[in-house]
Amino acid sequence: MRGITKRFGDLVANDDIHLTVEPGEIHALLGENGAGKSTLMNVLYGLLQPDEGEILVDDKPVKIKGPSDAIRIGIGMVHQHFMLVPVFTVAENVMLGAEPNKAGFLDHATADRLVREVSQKYGLPLEPDAIIEDLPIGIQQRVEIVKALTRDVDLLILDEPTAVLTPQETDELLSVMRGLKESGKSIVFITHKLREVKAVADQITVVRRGKIVGTAAPTAPESELAEMMVGRSVILEVPKQAAQPGAPVLAVRGLVVADDRLHRAVDGVDLEVRAGEVLGIAGVQGNGQTELVESIMGLRPSLAGTVTFLGRDITDWSTREVLRSGVGYIPEDRSVDGLVKEFSVAENLVLDLYRSEPFGGRFALNPKAIDESAKGRVEEFDIRVQSEQQPVGALSGGNQQKVIVAREMSRPLKLFIAAQPTRGVDVGSIEFIHRRIIAERDVGSAVLVVSSELDEVVALADRIAVMYRGRILAIVPPGTPREKLGLLMAGITSEGAS
Amino acid sequence: MTSAVITPELALPASFWTRERKTGAVLVALGLVASVWFTLASPSSPATFYLGTSTQSGANFEIDGKIGCLVFGLIALAAGAILLATGKHYGLLVSISLAAFVLSALIWQVSTVHGSVPLGSLSTITMEASLPLIFGALAGVMCERSGVVNVAIEGQLLTGAFFAALFGTIAGSYWAALGAAAIGGALISLILAWLAIRFLVDQVVIGIVLNTFALGLTGFFYEQVMRTDTEAYNNPGGLPHWTIPGLSKIPIVGPAIFSGTLLTYVALALVVVLTIALFRTRWGLRTRAVGEHPAAADTVGIKVLGLRYVNVLVAGLIAGFGGAYFSMVTATSFTKNITGGLGFIALAAMIFGRWNPVGAFLAAVFFGFAKALSSLLQALQSPIPSEFLAMLPYIATIFAVAGLVGRVRAPAADGKPYVKG
């Protein structure tokens, strides 16, 4: 790729990017969320058209107008959000777009055979007749890879493939990638996880803010790579004193909660969060963390068990009552549950308190008080805005998240619950939010942090609870080896060998 | 190391009152009504059923009013009770119970007026009343399987009916009429596709606007053009009936299926063709993919928007063609608002049929039967006020869609515009 530039309005997502991938190499594209890695690969796959620059395959310039062009010249892509039709079978998904036909009708037998052949050849076992939505995430990803391989690709783009996998599934994927390399395929591996890059890549290109900031060999130390990614030394650990836990603030006993499909998502959880400590919940997404937090917050009814807050039974209280009694809450999906995107920053900052003085009077809101308080909080929480009247949806992810943190931390709190507090947030904001969470702990609040980023849980927590299939498998100290945490997240407990 | 695998199980301790059991209880109540009220109210005089189309022809059988009501009432009761007790075989038991209830009611009414029922005619009327619904519902399936909501079925039927009358009269040929009808439906589709796919306008809103638009426009031309010279502009003539010798003599269903107009045969063929096309061909797989997850289809090189255009247009052709039914089968001329809202019943049939051609067909026939039943009872001068009988098809629609269907799953991307990137 030569001189690729892609703009979205004023934002330059890719700025004059040169990238060369050699045959048979695993080329890691390393960078933070929003650095422009996915944009670049979408350009390569024909989903986006570059504003400037050209793409060369075997030194010959090619025009990629759409995915079908990309497929024809041997480029395949596994997207971060899987491009599989959930109600179709594995074979139907694999053949889609290149369906074998017999006398005008779909030839399912040939499609099944193709799936079996490819999956055997590359060691990716699959059942052609299985329905996608019944398969675990790791297997769905396998379907995506097989789908690309049946199209005889020479270059496979993997966009953040490990984001949704357990540590064990990740290891499996990495060895699959090595196998593909052996058989002569080139791979572009997009990620922001240094450990994986070092484990598998032959060549590393680091992207920051739409530009290539350098290349590195996999032998380069992690700290150097991290520095290239973010442009300065990051503090990988959150500075904090030892916790001084006090009395229990939140106690959950035997809680059972159903998910939307009426399965037991939370299956008898017991946990306790004490004043002045951070309890981190680690686990692969979809193991009941969402439902657990929503149930505590009164957003989802419980089927059994109790939630006690400061000695009072708050099971199935309404969300307003829970918030009023001194709980702060960062929901896991800020755009859906945390903010009203069309509202201004100032309005979003008082979503919780608009009913009470000084923001809400007897009949009408008090815009003056709302704006004044917004100015103060924008300053205090370092929210980068052009004006407090700007719609919140126009802010970057990190600043949106800071609006939520500012709102939730402006009430007197006894308990702070943060679900995925830094998802899709830039490093600067992550650091800020982490500091605020620890500060909240240090003034004596109980803090419950749920995150699918193991690094985040380890950095923040004073105790780590690992959640798997709706249960807390173990509660361990943050110094526990990552390997053991990884096994717990995959549901494997080591009994006896403490 | 041991691996602790915990299987997630159903969360709710299966409550006794499942949907199946609740339905069973309702059916038991209906069965009780039939076997007690109908039986007591019915006289002991015979109700006569003919297998052919007229009271003179074909074999017939008679059944005593009281006995008939009781027997079928008890069947309805029993099927409901089994459903209530076991909660299994939902579809089968509901069908048996409802059919028995309807028969019990029919026998009561027929024996009250000492009348007789030509079953052949009943099925013929059912088929005819179903025709526009079949075309409309299939058009809905075509459109919505590719992810475009088609509320404009009513407008497509109406425009088809209008074009058939106008151009059929001018050209003096029913082939021209049918062709024009299909094009008329496709024109409405074209606007729908263009606004929905190109300009991403809310599809339900466009659908409603298009229905109003079609009603206004055809009404205007009817008043201004057709009424000025009916002979020259609004006299398409009826479609000829093509009777297949032998097959049309099959008791009860023969006359309905094998003695229809071209529309009957095309409707039945379309059900088969669409089912095969949707589930057995490349086009069908791609259509369903585009309706479920357009981004996935796009990334394997399928032209999402192009496919949607094609499907919406073909849907318009189908609905428009079916629209000819109104001006050339039930009547031989066009009148204002001749479709009278049947396009919406077709929409309901599509949902009741779970976006499946065969399901849509069965649902359409179900509504057609309700319609046929109401006209039969009116003809028999049943003591039930005719206004209530006229409501029967619509009440059946509400019960079917609200009560029996439960939660159905529409194509996941139905109604959602696709924007690349």
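FYI, residue positions are counted from 1 along the chain as it appears here.
Positions of Cβ are set from backbone N, Cα and C atoms, glycine also.
Lifted from TrEMBL, the feature list:
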{"type": "TRANSMEM", "residues": "B:25-45", "note": "transmembrane segment"}
{"type": "TRANSMEM", "residues": "B:65-85", "note": "transmembrane segment"}
{"type": "TRANSMEM", "residues": "B:92-110", "note": "transmembrane segment"}
{"type": "TRANSMEM", "residues": "B:122-141", "note": "transmembrane segment"}
{"type": "TRANSMEM", "residues": "B:148-168", "note": "transmembrane segment"}
{"type": "TRANSMEM", "residues": "B:174-197", "note": "transmembrane segment"}
{"type": "TRANSMEM", "residues": "B:204-222", "note": "transmembrane segment"}
{"type": "TRANSMEM", "residues": "B:256-279", "note": "transmembrane segment"}
{"type": "TRANSMEM", "residues": "B:309-328", "note": "transmembrane segment"}
{"type": "TRANSMEM", "residues": "B:334-353", "note": "transmembrane segment"}
{"type": "TRANSMEM", "residues": "B:360-380", "note": "transmembrane segment"}
{"type": "TRANSMEM", "residues": "B:392-410", "note": "transmembrane segment"}
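Counted over residue pairs 6 or more apart, the CB atoms of the transmembrane segment (B:204-222) and the transmembrane segment (B:148-168) come under 8 Å in at least three pairs, which marks the two as touching. Long-range contacts of the transmembrane segment (B:360-380) within the same chain, counting only residues at least 6 positions beyond its ends with a Cβ under 8 Å from a Cβ of the stretch, are 102, 106, 109-110, 113, 115, 117, 121-123, 125-131, 133-134, 136-138, 140-141, 271, 345-346, 348-350, 352-353, 386, 389-393, 395-397, 400.
Simply put, out of B:174-197, B:256-279, B:334-353, B:334-353 has the most Cβ pairs sitting under 8 Å from the transmembrane segment (B:122-141).
In this chain, the transmembrane segment (B:148-168) lies out of contact with the transmembrane segment (B:92-110); the count of Cβ pairs under 8 Å, excluding pairs fewer than 6 apart in sequence, is fewer than 3. Among residues of the same chain six or more beyond the transmembrane segment (B:174-197), those with a C-beta under 8 A of the stretch's C-beta atoms are 139, 143, 148-150, 152, 155-157, 159-168, 203, 206-207, 210, 214, 236-237, 239-240, 262, 305, 308-309, 312-313, 315-324, 328, 417-418. Count of Cβ pairs under 8 Å against the transmembrane segment (B:65-85): among B:25-45, B:148-168, B:334-353, the largest is for B:25-45.
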